[in-house]
Amino acid sequence: MTVFLSFAFLAAILTHIGCSNQRRSPENGGRRYNRIQHGQCAYTFILPEHDGNCRESTTDQYNTNALQRDAPHVEQDFSSQKLQHLEHVMENYTQWLQKIENYIVENMKSEMAQIQQNAVQNHTATMLEIGTSLLSQTAEQTRKLTDVETQVLNQTSRLEIQLLENSLSTYKLEKQLLQQTNEILKIHEKNSLLEHKILEMEGKHKEELDTLKEEKENLQGLVTRQTYIIQELKKQLNRATTNNSVLQKQQLELMDTVHNLVNLCTKEGVLLKGGKKEEVKPFRDCADVYQAGFNKSGIYTIYINNMPEPKKVFCNMDLNGGGWTVIQHREDGSLDFQRGWKEYKMGFGNPSGEYWLGNEFIFAITSQRQYTLRTELMDWEGNRAYSQYDRFHIGNEKQNYRLYLKGHSGTAGKQSSLILHGADFSTKDADNDNCMCKCALMLTGGWWFDACGPSNLNGMFYTAGQNHGKLNGIKWHYFKGPSYSLRSTTMMIRPLDF
């Protein structure tokens, strides 16, 4: 309200001043403008212009508002005194206006400060509200971002772990793949080498097959010729056998006649010149037969001391001076040597082929005088060898026909394949060896086994091509090794003093 009155009073004063000191401006349409500059603010007041003389009546003068009545009175003449008076009044108005201006400035300053403060407060409150809202939203967004970040970190951790596992798995797979690749390369190299060798072998095999075909054709021709020759030889052999049988029969008859004569001479005696009797002795072995003038190899009858009947034996009259009595012979596998104690005691087989003389007869012969043993051996390649012992005899049945030997020599090995220090005879039903394994059952046949030992001439007979790797074959260790089965063997004895 105070501001309004101040403005009204100011307007009245400016109106009066304008009428007294200013002229009407035709461009302003009867209006005048007054501008007041305060700091950066400028105030412009529009004052109205009255028509006619500006001089007012006394009544009008005194009918103005209270502010106008308080102003000093102005004389109505236009004399110089009044002009001076007006100037004085003008100065007073100027001072008054200055006071009003100061008043307005002070009031406006406080009001503007109040308004500005209110505006600042309102703005601050708004800003605080907005800031609070922003803080709330920021906190919420921060929380959400934190949750998202946590999820992202967890997912990232899982992905990193999975990636690490995948990397390890990939590394292992790469390592395995590299190893397999290397192995494949090695196998490929080996295959290439094997293919090359196979090709070479195929070439050699083809050449060998061609050679074998040629040899086969040649052999077939040779076999054909040999078959014809063999047939002719068989015919001749049959004829010779027939003749030989007749001769053997005649020889046997002759031998019987001789034996009868010997027996007759033994009983009655033969008168010699001078009236003395000469005693005729029977053949104790093949040495006696040889010394009696029979120098052809064959079957002869001998009379062994302490034996009830004579025994037919095969005498070898050709080898190393002759006079050999054969006690064992193997040549074709036609006779089974896997027999029991009694059969080995009394002997079996045919003296003209494969046979065993008999332990009882061997004991009886070697008990008559001192004998030498010779073993003749032949392998499947046609190689021959022998072992000879200067002293040979065996014990009786109570002694298990124990073997006694001395003085080894020969070409069938530097060492003896027979046990020199002695060994008992064993068969499949009489185990007398020094082994828990029963050598006669394992190695077959009857023999002087000593913990099986390095020899067995009564073992299983194996044909050519099947005679290798046979521990139970006909073996003589120091001639062909422990698993080579021989082709033929002959054991024969002769008196030491022959």
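Each Cβ is built from the backbone N, Cα and C atoms, and glycine gets one as well.
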Per Swiss-Prot, the disulfide partner of CYS439, chosen from CYS315, CYS452: CYS452
Partner cysteine of CYS286 (disulphide bond, per Swiss-Prot) from CYS265, CYS315: CYS315
Length of the line joining the Cα atoms of CYS315 (disulfide bond) and ASN154 (N-linked glycosylation site), in Å: 109
Rounded inter-Cα distance in Å - CYS286 (disulfide bond), ASN295 (N-linked glycosylation site): 10
Separation of alpha carbons, ASN295 (N-linked glycosylation site) and ASN154 (N-linked glycosylation site) (Å): 116
Neighbourhood of ASN295 (N-linked glycosylation site) by C-beta distance under 8 A, where only residues 6 or more apart in the same chain count: MET317, GLY322
Cα-Cα distance linking ASN92 (N-linked glycosylation site) and CYS439 (disulfide bond), given in Å to the nearest integer: 168
